[in-house]
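Q: One structure is given below, represented as structure tokens, and several questions about it will come after.
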């Protein structure tokens with residue numbers, strides 16, 4: 001038994017976070033999405049084939065020493081069907097296929113009982129997904145792609161069990177106008193010829209497609225951690241709840257950490273810093289004097305040195321915040337924060353701060369309005385109020401007129 005994990009997509013709805021990394025490499029609860037998936041499947045299979053393309057070197061470099069993992073590069077044709085077809089000459093007769101951008105709780109042993117199976121999940125908004133219709137024996141009888149009037153509340157959850165017949169059906173599938181070959185089109189042919197079991201997922205499941213999905217999945221996974229403190233803790237530090245502090249991390253004097261939270265190797269907190277629940281500080285980050293971070297993911301090598309507030313935000317790698325940088329995360333009317341996703345204004349959640357790419361620098365007293373996205377490699381000058389998205393490689397600054405008058 002082998003597994004194929006689909007990791008080739010660009011993750012455009014998650015930009016700017018995916019400008020410098022593939023979506024499966026976005027860290028949630030201290031490790032990439034892809035690592036969470038691999039940990040669910042690695043004991044069940046002999047080989048794990050990662051189908052890579054976009055920013056493939058990030059995936060290869062991170063997982064190159066895993067004994068079961070092999071890398072296959074998807075060709076010019078895009079789409080999930082083409083991604084699966086990439087492994088045609090490598091996998092065993094039976095194999096699992098898993099989307100590389102989902103966080104899920106259920107174990108996968110149930111899938112091994114069937115020749116063909118698709119994971120399904122009951123949701124409140126099936127019209128936003130691919131809908132699955134089952135018969136009385138839980139066999140799939142119909143697939144609908146984002147229908148206006150869904151026939152079911154069950155959706156395709158992105159986990160499959162196939163044999164090599166699926167390759168034959170994928171090859172018969174027409175390439176779409178977008179130049180893609182889709183796996184679901186092949187499954188529509190499969191259900192006409194074979195019984196395909198719909199396996200209902202009962203536990204947590206998250207299709208990580210939007211920035212707030214990352215923060216939601218982060219909360220779910222952090223709720224499962226247990227305290228493990230190996231780093232250096234200075235005097236008068238207060239630690240509450242479940243907190244992981246890795247070896248090589250330092251929490252300086254008079255800081256407060258409220259779990260669940262993870263502080264990775266090389267991170268420095270304090271003195272007098274406040275880390276609130278559902279925060280992850282990745283490797284070599286710095287949250288300094290009188291800075292507060294709440295329910296946020298701070299990626300590697302980012303510095304928030306002093307008198308700053310970051311809430312409900314995702315901050316990329318190698319960012320540096322000037323003194324008194326503030327992220328707002330709540331509207332006055334308490335309605336969901338609106339975010340631009342692929343040129344559309346979308347309602348997110350009640351609290352959402354800033355979504356920031358890599359290598360961003362802010363001057364002193366910079367403020368961000370809720371839901372703002374900042375692209376990679378930006379500079380933001382002192383005293384700016386950022387109330388709209390900033391494209392990558394942009395320098396934003398303001399000019400206030402200074403008036404000089406002679407005193408008598």
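Here the Cβ of each residue, glycine as well, is placed from N, Cα and C on the backbone.
As annotated by Swiss-Prot, region 'Pyrophosphorylase' applies to 1-202. Summarising the annotation, Swiss-Prot assigns UTP binding site to 6, 7, 8, 9, 74, 79. What Swiss-Prot lists as N-acetyl-alpha-D-glucosamine 1-phosphate binding site is 80, 130, 142, 156. As annotated by Swiss-Prot, region 'Linker' applies to 203-222. Summarising the annotation, Swiss-Prot assigns region 'N-acetyltransferase' to 223-408. The active site, proton acceptor annotation in Swiss-Prot covers 306, and the record cites similarity to another entry as its basis. Under the heading acetyl-CoA binding site, Swiss-Prot lists 382, 399.
Surface or core, plus neighbours and distances: that's what I need for these features.
A: Taken residue by residue with DSSP, residue 8 (UTP binding site) is part of neither helix nor strand, so it is coil. Packing around residue 8 (UTP binding site) is summarised by its Cβ count: 26 other Cβ atoms lie within 10 angstroms of its Cβ, all protein chains included.
In this view, residue 142 (N-acetyl-alpha-D-glucosamine 1-phosphate binding site) is surrounded by 13 other Cβ atoms within 10 Å of its Cβ, with every protein chain counted. DSSP assigns residue 142 (N-acetyl-alpha-D-glucosamine 1-phosphate binding site) to a strand segment in the three-state reduction.
If you look at the region 'Linker' (203-222), the same-chain residues 6 or more away from its ends with a CB under 8 A from one of its CBs are 13-14, 17, 23, 26, 28-29, 33, 36, 99, 101-106, 121, 129, 157-158, 242, 259-262, 277-278, 280, 295-297, 312, 314, 339, 341, 346, 348-349, 352, 355, 373.
The Cβ neighbour count for residue 306 (active site, proton acceptor), using a 10 Å radius over every protein chain in view, is 19. In this structure, residue 306 (active site, proton acceptor) belongs to neither helix nor strand by DSSP; it is coil.
In the shown protein chains, 6 other C-beta atoms lie within 10 A of the C-beta of residue 399 (acetyl-CoA binding site). When secondary structure is read from DSSP and collapsed to three states, residue 399 (acetyl-CoA binding site) falls in the coil class.
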Q: Determine the mean pLDDT over the region 'Linker' (203-222), rounding to the nearest whole number.
A: 96
Q: Translate the DSSP assignment of residue 79 (UTP binding site) into the three-state scheme.
A: coil
Q: In the region 'Linker' (203-222), how many residues does DSSP put in helix, strand and coil?
A: 12 helix, 3 strand, 5 coil
Q: Sort out the sequence-distant neighbours of residue 156 (N-acetyl-alpha-D-glucosamine 1-phosphate binding site) for me: same chain, 6+ apart, CB within less than 8 Å of its CB, listed by position.
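A: When sequence neighbours closer than 6 are ignored, residue 156 (N-acetyl-alpha-D-glucosamine 1-phosphate binding site) has 118, 119, 120, 129, 130, 131, 132, 143, 184 within Cβ distance under 8 Å.
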Q: Based on Cα coordinates, which of the following recorded positions are within 10 Å of residue 80 (N-acetyl-alpha-D-glucosamine 1-phosphate binding site): 8, 9, 306, 382, 399?
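A: Within 10 Å of residue 80 (N-acetyl-alpha-D-glucosamine 1-phosphate binding site): 8, 9.
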Q: Other than 6, 7, 8, 9, 74, 79, which residues of the chain come within 8 Å of the UTP site, judged by Cβ distance to the Cβ centroid of those residues?
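A: Sorted by sequence, the hits are 51, 52, 53, 54, 78, 80, 82, 83, 100.
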Q: Which one is it, among the binding-site residues 6, 7, 9, 142, that lies nearest to residue 399 (acetyl-CoA binding site) by Cα separation?
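A: Ranked by Cα distance from residue 399 (acetyl-CoA binding site), first place goes to 9.
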